[in-house]
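Here is the structure we will look at, set down as structure tokens.
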Amino acid sequence: MPELPEVETVRRSLIPLITGKKIARVSLYYPKIINGDSKLFQALLVGRTFETIDRRGKYLLFRFDEHLTMISHLRMEGKYYLEPTVQPHNKHVHVVFELTDGTSLQYQDVRKFGRMQLVDTGTEAQVSGIKLLGPEPLSSDFTVSAFQQGLQRHHKAIKPVLLDQKVVTGLGNIYVDEVLWLSQINPLTPANQLTLAQVKELHQQIIAELTKAVAAGGTTIRSYVDASGHSGHFQFDLNVYGEEGKPCPRCQTTIVKIKVGGRGTHFCPHCQPLPLGWHLNETEDAVVGGAHE
DNA sequence: ACCTAATCCTGCATGC
DNA sequence: TGCATGCAGGATTAGG
């Protein structure tokens, strides 16, 4: 599931493969991947040359000549790679960008959740999905005070607040669980109840963790690979995600998995104690209230 | 305005 | 073995 480090790794690995190449034709095998008019999408890309790729949060921004930008979100399992021919690699390839040199850039997405759309370069910031994104966590915009102000506006649990991309963008389910463990903050803690010390710690851990994960080429769980087919290495640095039932690397207490905001959530009940008033019942659901029956 | 649940999809794991 | 069921989840949308 690509989060910021994986999307960034895709961006970096894809740039040298496609820069300067020209599109001869676009084949669509699942038009729903395209937001807006899919015929227009195909027509506008013919004759365009890839210039570079930028990134905003988890969105890739493919830059072409003629002020054209293709916004692409990989969602769960989207992948790009270069094929030596124009034939689709397999049944999960939904978009083929045929290049004038006889090769093709192919987009594969087993779950068909990914989306692409074309905009005039420079207008991408107004597109829904990008418009409301919070600061880039690895940029100077992501300050402690901006982070604190963002958290202050939410009284729901910190986990869904970090997932919704508005306070800070780029974190997904894996890295949220990891940074909360690193910061020793329970995922159910109301965002506006974090102490200043906790906000500072979380801010620093988000930056440190994402920086390390980018350097490791991302995290490969299930299926992620970059544009050259390489797996990431950061899965070996995970402490809680997917580790339910195993000992916490810090205190040896058994890691538990619960649902928070509808998402699987891993944490250490000792290092990340539940907020006041919460407890886990026998099926490890987090519930509010006393243990009385 | 706020929050939760359902939605989209497929592959894989589980259970009978 | 085969079939049904459930689970995974990012972002959007529908509903309360």
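Every residue gets a Cβ built from N, Cα and C, even glycine.
Features as listed in TrEMBL:
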type     : residues      : note
ACT_SITE : A:P2          : active site, schiff-base intermediate with DNA
ACT_SITE : A:E3          : active site, proton donor
ACT_SITE : A:K58         : active site, proton donor
ACT_SITE : A:R263        : active site, proton donor
BINDING  : A:H92, A:R111 : DNA binding site
DOMAIN   : A:2-114       : domain 'Formamidopyrimidine-DNA glycosylase catalytic'
DOMAIN   : A:239-273     : domain 'FPG-type'
Subject >> Confidence summary for the domain 'Formamidopyrimidine-DNA glycosylase catalytic' (A:2-114), mean pLDDT rounded >> reply: 94
Subject >> Spatial separation of A:E3 (active site, proton donor) from A:R263 (active site, proton donor) - C-alpha basis, Å >> reply: 15
Original post:
Within 10 Å of the Cβ of the residue listed as 'active site, schiff-base intermediate with DNA', how many other Cβ atoms are there?
Top reply: 25
Original post:
Using DSSP, what's the helix, strand and coil tally for the domain 'FPG-type' (A:239-273)?
Top reply: 0 helix, 12 strand, 23 coil
Original post:
Tell me, how many other CB atoms lie within 10 A of the CB of A:E3 (active site, proton donor), whichever protein chain they belong to?
Top reply: 22
Subject >> Cα-proximity to A:P2 (active site, schiff-base intermediate with DNA), 10 Å cut-off, over recorded positions A:K58, A:H92, A:R111 >> reply: A:K58
Original post:
If you count Cβ atoms within 10 Å of the Cβ of A:R263 (active site, proton donor), leaving out that atom itself, what do you get?
Top reply: 15
Subject >> A:K58 (active site, proton donor) versus recorded positions A:E3, A:H92, A:R111 - nearest by Cα >> reply: A:E3
Subject >> recorded positions compared (A:K58, A:H92, A:R111) - highest count of Cβ atoms within 10 Å >> reply: A:K58
Original post:
In angstrom units, rounded to an integer, how far apart are the Cα atoms of A:E3 (active site, proton donor) and A:R111 (DNA binding site)?
Top reply: 16
**OP:** For the domain 'Formamidopyrimidine-DNA glycosylase catalytic' (A:2-114), jot down how many residues DSSP puts in helix, in strand and in coil.
**Re:** 26 helix, 47 strand, 40 coil
